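Some features that Swiss-Prot has for this protein:
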| type | residues | note |
| --- | --- | --- |
| BINDING | C36, C39, H40, M121 | heme c binding site |
| MOD_RES | Q22 | pyrrolidone carboxylic acid |
| SIGNAL | 1-21 | signal peptide |
Amino acid sequence: MKFQVKALAAIAAFAALPALAQEGDPEAGAKAFNQCQTCHVIVDDSGTTIAGRNAKTGPNLYGVVGRTAGTQADFKGYGEGMKEAGAKGLAWDEEHFVQYVQDPTKFLKEYTGDAKAKGKMTFKLKKEADAHNIWAYLQQVAVRP
């Protein structure tokens with residue numbers, strides 16, 4: 001009986017792995033991130049540029065994974081919709097990131113429940129696969145230890 005319970009538990013845990021796995025390809029994400037570099041940069045806490053140029057239009061994406069929306073300390077350009085989403089508990093994960101980058105204003109309106117909410121990010125990523133790939137890339141290079 002003990003063996004059966006352990007075997008079933010192992011099978012259940014193994015079956016859940018695909019749900020926990022990220023959907024994107026980090027290498028493809030590095031290439032797709034080129035679209036983001038016009039406005040964003042990834043600079044670590046020591047000042048080392050990981051990706052991007054000197055873009056300051058959007059926030060530094062280092063540490064974005066799990067960060068509360070609208071709270072990058074040295075970025076002052078957040079719109080009210082983004083600040084409201086953060087105040088309502090939005091923390092960046094793959095699901096929300098993918099939705100946001102495909103249509104920022106639509107996402108903020110839905111997340112905040114405010115029909116007047118607007119995203120300052122006007123760029124819309126056309127391919128959902130690119131969004132997943134960029135998220136996978138950010139998980140590799142932009143996570144604080």
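Start at 1 and count along the chain as shown; that gives each residue its number.
Positions of Cβ are set from backbone N, Cα and C atoms, glycine also.
Positions of the features from Swiss-Prot, shown on the structure.
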residue : record              : Cβ neighbours (10 Å)
C36     : heme c binding site : 24
C39     : heme c binding site : 18
H40     : heme c binding site : 22
M121    : heme c binding site : 22
Would you measure the largest Cα separation among C36, C39, H40, M121 for the heme c site and round it to whole Å? 11
Shell list (heme c; ref centroid = CB of C36, C39, H40, M121; cutoff 8 A): Q37, T38, A55, T57, G58, L61, F123
